[in-house]
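**Q** Structure below; questions to follow.
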Amino acid sequence: MNPVMQWMEKHFIPIAGRIGSQRHLVAVRDGFVAIMPLIIIGSFAVLINNLPIDFFQSFMVNTFGEGWKTLGGNIWDGSFAVLSLLVVAGISYNLAKSYDVDSLSAALLAVGCYIILTPTTEDWGLSYAWTGSQGLFVGVLTALVVTELFRLLYQSKFTIKMPEGVPSGVVKSFRALIPAAVILLLVSGLQMFIAALTDGSIHELVFTVIQQPLQALGNTLPAALTITFLNQLLWFFGLHGTNILGPVIDSIYLPLLEENISLFAQGTSAVDVPYIVTKPFLDAYVFMGGTGTTLALIAAIFLVSASKHYRTIGKLSAPAGIFNINEPVMFGLPVVLNPVMFIPFLTIPVLLTLTSYFAIVIGFVPKTVALVPWTTPPLISGYLVTGGSFAGVVLQLFNLTLATVLYIPFIKAAMRADKKNFHSKGEQTDAGSTKVS
Amino acid sequence: MKILLVCSAGMSTSMLVDKMRKAAEAQGLEATIDATAEAGLANELETTNVILIGPQVRYLESKITSKAKPHGIKVAVIDSMAYGTMDGKKVLQQALSL
């Protein structure tokens, strides 16, 4: 196993690292992170509006009248219905910031450009059809291209310079003037060109040619297994897999979830909404306690390990683990680069993806119709993401038990390996330590 | 002096920060210790002396180093074992020894 790991450390890690710190991908990821508060609240608004508890529903209607759902509905309008608009601003802002150019101007300009490209309704309104998740790919592309152009022009000679003594706010707005003019002209021209050529908008084009096929692919079992596996592999080498894969996961799985939520809000039951694989699907059923279902690993330690080091790590990791933060156990046990942990850490989550997928396919567990913060503890998250179904909790319990049972033999093996090291090295605390630094 | 810990969302390292603060207090050391996400780093460069990077985002080291160097800030990746065991004292020592 060792030469393999050395090879991976030498060739795989630098590539993964470069992807993880690639400027545009980081901007996309941070753009999504920035809008999370809005869409999590938006998701809860829908969830509460549609909680399948008769007592609650009749209580709300009796107390506040039939219109009580408007409160949550409005929040939906301000979050999920304009998801792409928000993402455009978030990505553009972060990308401009990474170049250290005027990030607010860039974000405003990018939103303006996105609106130029977005179809309007007959009475001069923006169409929610494209400001929401259907326009996400166009949004990401617009934000990246516009900001990149803005950055080039902003840093070039073609800007208006102000004499000394002019307030910096004025200087800034004039400096952005020519770049903004050029970009708005270009985008407007592009929109005319597309309209003349296709009788539609860039949205329809990108949606049908790129976004829809990718999303259809994303909802398949092989895609879910691949994402899980890659995330595990990255984390095994101590890299933040969730961060590195974030841009892909968010741009493909967020729209799928949005469609589920949207249908759920209109009264479709959580069983009948279309998509199985979503972001909360992975978070709630597979990555319980963090990547690698490490909550089960901690449980396994408490069940079978007498080693002081293991139990200390277990105690240290459990409180954070409940909120799906697992760095202590990943680096402290360690799981990272630990040959004994390689097999269970990579296979158990993949197996759980399978069990969860089939539990949903056979209709035992409803699909996911809510986005909860990834730090929501397991069992609570299972109830919430399914729109208030205990079947989600049952699946989580089943998965946790299965994972714990499967981790147990490997914990025992790791303890035996440590004991051997203990005899040869004479110091237990060094056992299993790694060369990550 | 000011020590800044960088991880993905500033969540896991915030646990370590508490332990480091306690360790600093026990040693009678005057130090500001904080955790931040990578994106929040730019605003802190003026005032920071040492930046410690969480092992799970160690691929950021070269990028952060290039940003921090002009400010005379020392940068290092936190020893992963000390990180995992949340050993505030050891990490503080690492920061001081840079």
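Note that Cβ sites are derived from N, Cα and C of the backbone, with glycine treated the same way.
Residues or ranges marked as domain 'PTS EIIC type-3' in TrEMBL: A:8-410. Positions annotated as transmembrane segment by TrEMBL: A:32-53, A:73-96, A:103-121, A:133-154, A:174-197, A:284-306, A:340-365, A:385-410.
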**Q** Okay, the transmembrane segment (A:32-53) and the transmembrane segment (A:284-306): do they have at least three CB pairs under 8 Å, pairs separated by 6 or more?
**A** no
**Q** Report, as numbers and ranges, every residue of the chain located at least six residues beyond the transmembrane segment (A:174-197) whose Cβ falls under 8 Å of a Cβ in that stretch; write 'none' if there are none.
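**A** Sequence-distant neighbours of the transmembrane segment (A:174-197): 102, 105, 109, 112-113, 116-117, 146, 149-150, 153-154, 158-162, 205.
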**Q** How does the model score the domain 'PTS EIIC type-3' (A:8-410) in terms of mean pLDDT?
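**A** Taking every residue of the domain 'PTS EIIC type-3' (A:8-410) together, the mean pLDDT is 90.
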**Q** At a C-beta cut-off of under 8 Å, are there same-chain residues at least 6 beyond the transmembrane segment (A:103-121) that contact it? List them, or none.
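**A** 84-85, 88-97, 127, 129-131, 135, 138-139, 142-143, 146-147, 150-151, 172-173, 176, 179-180, 183-184, 187-188, 190-191, 200-203.
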